[in-house]
Amino acid sequence: WELNGSFHQPSAFLMMGIPGLEALHHWISIPFCALYLIAVLGNCMILFIIKKTQSLHEPMYYFLSMLAVTDLGLVLCTLPTTLGIFWFNMRRIGFDACLTQMYFIHILSFIESSVLLAMAFDRFIAISHPLRHPSILTKTTVIKIGLAIIMRGMVSLLPIPFLLKRLTYCGKTELSHSFCFHPDIMNLACADIKVNVFYGMIILLSTVGMDFIFIVLSYILIIKTIISLATKEECLKALNTCVSHICAVLVFFIPMIGLSMIHRFGKNVPPLVNTLVAYTYLIIPPALNPIIYSIKSSHIREALLRALRRKSE
């Protein structure tokens, strides 16, 4: 512990693996390693295929590339501490290192939410205004959207580490997860955390909350457009282009909302449930998104098969 002026600040926090199953951590690490491997290889494969396939150089796949980069970032943020606990029981993380990890986890989560919104907007334009789609979403426009997404995440979350550093922390230093999460760190303080709670809630609602609302509105408009199409075949074809994106939205938002609710209102939720929801939120989407898009996108599937054939020849 360090006495810094009028407040106490811990030199480090202790991270938690899976409560009650510490003796099985080495065995539990096997499925986690598999998920991390799938996430890294799958997202690298998506980026490689899009880069090498000229026909995929269009807005839908540029946004998919952003999603893959974001998923890789999330994986690399949590992999060292999670596997460090499972393999070597390395629970200790420095205070500043914890705040840094927390900042990047939240930034990448907010960026993923915004990228999913951009992908919903792309699908809406492609289905509702197909002739104007190339002129609306030009390469320059996509780059500007990407930069705006990154800046929004960085600027909106910049005060969070400083709000945590100003707090006085009590004797308890054990976190609930194998990674650093804002509500988790905040709840270890023995000072007034109303500012942290209020700012965190405002930022969450004004970014991820608004993204989710606009995604839902986009799909309401998309469904309205699809219903107006002349034939059943056209309806199914238009809807099929959205299936992979809908799956990605559900896989990301359901566990994220669940984890936020548990941290704010689930005081009596068993620690094991809290831990499993957290892992589902941060590990499952990066692992599933490449699989979803590889299965549902015929263009990516065909490009992957062509690449495999070239390697085998």
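Cβ from N, Cα, C; glycine included.
Remember, predicted model here, so these are calculated numbers, not experimental data.
Residues or ranges marked as domain 'G-protein coupled receptors family 1 profile' by TrEMBL: 42-293.
Sequence annotations record features per position, and here TrEMBL assigns transmembrane segment to 24-50 (among others). Remote same-chain partners of the transmembrane segment (24-50), defined as residues 6 or more beyond its termini with a Cβ less than 8 Å from a stretch Cβ, comprise 17-18, 56-57, 61-62, 64-65, 68-69, 71-72, 75, 79, 82-83, 85-87, 89, 279, 283-284, 286-287, 289-291, 293-294, 300, 303-304, 307.
Residues 15-17, 25-26, 28-29, 32-33, 36, 39-40, 43-44, 46-47, 50-51, 101, 104-105, 108-109, 111-112, 115-116, 118-119, 122, 139, 142, 146, 149, 178-179, 248, 282-283, 285-286, 289-290, 293 of the same chain sit 6 or more residues outside the transmembrane segment (62-88) yet have a Cβ under 8 Å from a Cβ within it. Annotated transmembrane segment per TrEMBL: 62-88 (among others), in sequence order.
Sequence-distant contacts of the transmembrane segment (100-121) (same chain, at least 6 residues past either end, Cβ-Cβ under 8 Å): 60, 63-64, 66-67, 70-71, 73-74, 77-78, 81, 93, 145, 149-150, 152-154, 156-157, 160-161, 164, 179-182, 185, 207-208, 211-212, 214-215, 218-219, 245, 248-249, 252-253, 256, 282, 285. The transmembrane segment annotation in TrEMBL covers 100-121 (among others).
Marked as transmembrane segment by TrEMBL: 142-164 (among others).
Under the heading transmembrane segment, TrEMBL lists 197-222 (among others).
Taken from TrEMBL, the feature transmembrane segment applies to 243-264 (among others).
Positions annotated as transmembrane segment by TrEMBL: 276-295 (among others).
A mean pLDDT of 89 is what the model gives for the domain 'G-protein coupled receptors family 1 profile' (42-293).
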